[in-house]
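S.K.: I am attaching a structure below and will ask some questions about it afterwards.
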Amino acid sequence: MKNLSETEAEVTMQENVVHESLPQIPVATSVSCCFVLAVLYVGSLYIWSTKHNRDHPTTVKRRFASVSMVMLAAPFFVYFFSSPELLSRVPFPKLLGLRLEGLWQAVVIPYSLTVLLFLGPIFVNMQNESVRSYFDLDYWRGSFGSIIWVRNHVIAPLSEEFVFRACMMPLILQSFSPLVAVFITPLFFGVAHLHHIAERLSLGVELSTALLIGLFQFIYTTLFGFYSAFLFARTGHVMAPILVHAFCNHMGLPDLQDLWQQDLWRRVVAIILYLAGFVGWMFLVPLATDPSIYDNTLYWNA
């Protein structure tokens, strides 16, 4: 059996092979492009002059239009600033994680893996009978008829993952190794969510409270960004982080207050499932995201 140092050496060597196989572009170029993309995405949310809050239908519709324009513009950054050698040997859609090879695996496996992570919260929701609504046709009609639901479950995951993963990761991966890239792009993603501080201040929230909430939001969006970027690099598919993002938006952060309001036996079972889900997720992440499962030899070699 191989000892830990030998395994780590193999991983490092493998990572370097993948990194060196991608033609390189200057760090300043890739980072600058990502910075501009982040500014464009956030800036597009505020180009409209409005007195309404972010949940007003008019505001939501205008922001749909704005981020759609950014989604159209973002691929041009990848096309014009990527290495010509890379563009000549790899189909452009593949760079963006748009390909058919390994697609069904990218749809099913990362999503199932994330469901495992939320095993505890799902159990708590089942005790509140909220799961039954998922089998009600009226629930889905109402959901797709709600512009807020569509924003949170469709537009936000689609636009954010396409811009911050499909269009940033290909650039960053041409300047950094996969593991480093996974930890860089989420910082842009986390910082991009700090604009909510200004929104809260405009609603009359105290500065200290707005900053505290903003810091907390930066932390959890950045942590999610690590996971999402990891999925993109390992699977080579943008669909994986899009679906996982939508699911996480639906679940939200675990409601610990709801957990402690459960009966004792349900609370014990829920805590066990919280721990089992997390441990199982940690154990399965490297196995379930093995690049060979997804025919991914571009960003992270098997």
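Using the three backbone atoms N, Cα and C, a Cβ is placed for every residue, glycine included.
Okay, these came from Swiss-Prot:
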ACT_SITE  Glu160  active site, proton donor/acceptor
ACT_SITE  His193  active site, proton donor/acceptor
SITE      His245  site 'Transition state stabilizer'
SITE      Asn249  site 'Transition state stabilizer'
TRANSMEM  27-47  transmembrane segment
TRANSMEM  64-84  transmembrane segment
TRANSMEM  104-124  transmembrane segment
TRANSMEM  171-191  transmembrane segment
TRANSMEM  212-232  transmembrane segment
TRANSMEM  236-256  transmembrane segment
TRANSMEM  268-288  transmembrane segment
S.K.: What is the total of other Cβ atoms whose distance to the Cβ of Asn249 (site 'Transition state stabilizer') is within 10 Å?
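M.R.: Result for Asn249 (site 'Transition state stabilizer'): 17 neighbouring Cβ atoms inside 10 Å.
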S.K.: Rounded to a whole number, how many Å is the Cα of Asn249 (site 'Transition state stabilizer') away from the Cα of Glu160 (active site, proton donor/acceptor)?
M.R.: 12
S.K.: DSSP secondary structure for Glu160 (active site, proton donor/acceptor), reduced to helix/strand/coil, please.
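M.R.: In three-state terms, Glu160 (active site, proton donor/acceptor) counts as helix.
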S.K.: Which range wins on Cβ pairs under 8 Å with the transmembrane segment (104-124): 64-84, 212-232, 236-256, 268-288?
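M.R.: Out of the listed stretches, 268-288 contacts the transmembrane segment (104-124) most.
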S.K.: To see if you understand the setup: which same-chain residues, six or more apart in sequence, place their Cβ under 8 Å from that of His245 (site 'Transition state stabilizer')?
M.R.: Ala156, Pro157, Glu160, Glu161, Phe224, Ser228
S.K.: Can you tell me which parts of the same chain pack against the transmembrane segment (268-288), counting only residues 6+ beyond its ends and a CB-CB cutoff under 8 A?
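M.R.: Same-chain contacts beyond the flanks: 109-110, 112-114, 116-121, 123-124, 127, 230, 254, 259, 262.
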S.K.: Rank 27-47, 64-84, 171-191 by Cβ pairs under 8 Å to the transmembrane segment (212-232) and hand me the top one.
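M.R.: That would be 171-191.
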S.K.: Restricting to the same chain and to residues at least six past its boundaries, which positions have a Cβ under 8 Å from a Cβ of the transmembrane segment (27-47)?
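M.R.: Distal contacts: 63, 66-67, 69-70, 73-74, 77, 81, 159-160, 163-164, 167-168, 171-172, 174-176, 184-185, 188-189, 191-192, 195.
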